[in-house]
Amino acid sequence: MEEPALVEGQSQLPSPHHNSLRKAMAAALVLDGESTMGRRKKKKKESRPESIIIYRSESETLDEEPGESEGGDQPKEEEGDDFIDYPMDDGVWNVPVDSRYVTLTGTITRGKKKGQMVDIHVTLTEKELQELTKPKASSRETTPGGRKACQLGADRGPHVVLWTLVCLPVVFLLSFVVSFYYGTITWYNIFLVYNEERTFWHKISCCPCLILCYPVLIMAMASSLGLYAAVVQLSWSWEAWWQAARDMEKGFCGWLCSKLGLEDCSPYSIVELLESDNISGNLSNKDATQEIETSAV
């Protein structure tokens, strides 16, 4: 009579295989939870890009004037809405409260696809929009004839000159690094052109010269641009100093590629915005309930 009870007691004890299976399932659930949390955190960390350039096709460029005469900038607004609504459905991109989404139209003047019309989708704050739509006459009126340029104040004076002197070695170092980086990319693009797209004689004559001259050329270019940027940033006012200090490379690589006839080798493209008063009009007729607006400059 005791043996069945003993057998029942033994049957209630969990087997080692059952325990290992439970541990494996628990570990799988933990890993699944961690991966899910990781994906959620990764989605939260993803932010909206500051600017996106969309290249226009030839048909869009040719049909621009009829489209404007019929419906104004309505196609651009629809394009901007489609561009925004897709990521917003995922809840990943959030527009800041004081920011607005605009579409700037311009032409590439230097770099790849020179002369092509582009639409730049960018998120700008109200302050940036005010600076963008500020008329040029107002900036000229502040310094008529250069008389007010030597005024003393919080934003201009000897203390600013002292600050620029202190920043001189820092600007030189940063400009040297940035120029070295863009110069290396430009050199590599030029090397690929002569090595892959030109004739065999270019490959055996120009490519070895480019390799041998790279250290000398890159050091001379980076040092010269660093010294030039350090000297140019010496200023009397904060605004002029900031305008000069934030442009580290001075557009030298793009200018060099345009002079050599190798615009596609430029490490960047320079877009000249088309002048328009559409942004100013949208600012004056701003709707508080409108989250997304597109304009053309």
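Cβ atoms here come from the backbone N, Cα and C positions, even for glycine.
According to Swiss-Prot:
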- 9-18: compositional bias 'Polar residues' (COMPBIAS)
- 60-84: compositional bias 'Acidic residues' (COMPBIAS)
- 1-84: region 'Disordered' (REGION)
- 1-159: topological domain 'Extracellular' (TOPO_DOM)
- 181-210: topological domain 'Cytoplasmic' (TOPO_DOM)
- 232-297: topological domain 'Extracellular' (TOPO_DOM)
- 160-180: transmembrane segment (TRANSMEM)
- 211-231: transmembrane segment (TRANSMEM)
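The list of residues near the transmembrane segment (160-180) in space but at least 6 beyond its ends in sequence, with Cβ under 8 angstroms from a Cβ of it, reads 218, 221-223, 225-230, 233-238, 241, 245, 248-249, 252. When Cβ-Cβ distances below 8 Å are used as the criterion, the topological domain 'Cytoplasmic' (181-210) is approached by residues 217-218, 221-222, 249, 253, 256-257, 260, 262, 264-268 of the same chain, each at least six residues removed from its ends.
On the 0 to 100 pLDDT scale, the topological domain 'Cytoplasmic' (181-210) averages 90 in this prediction.
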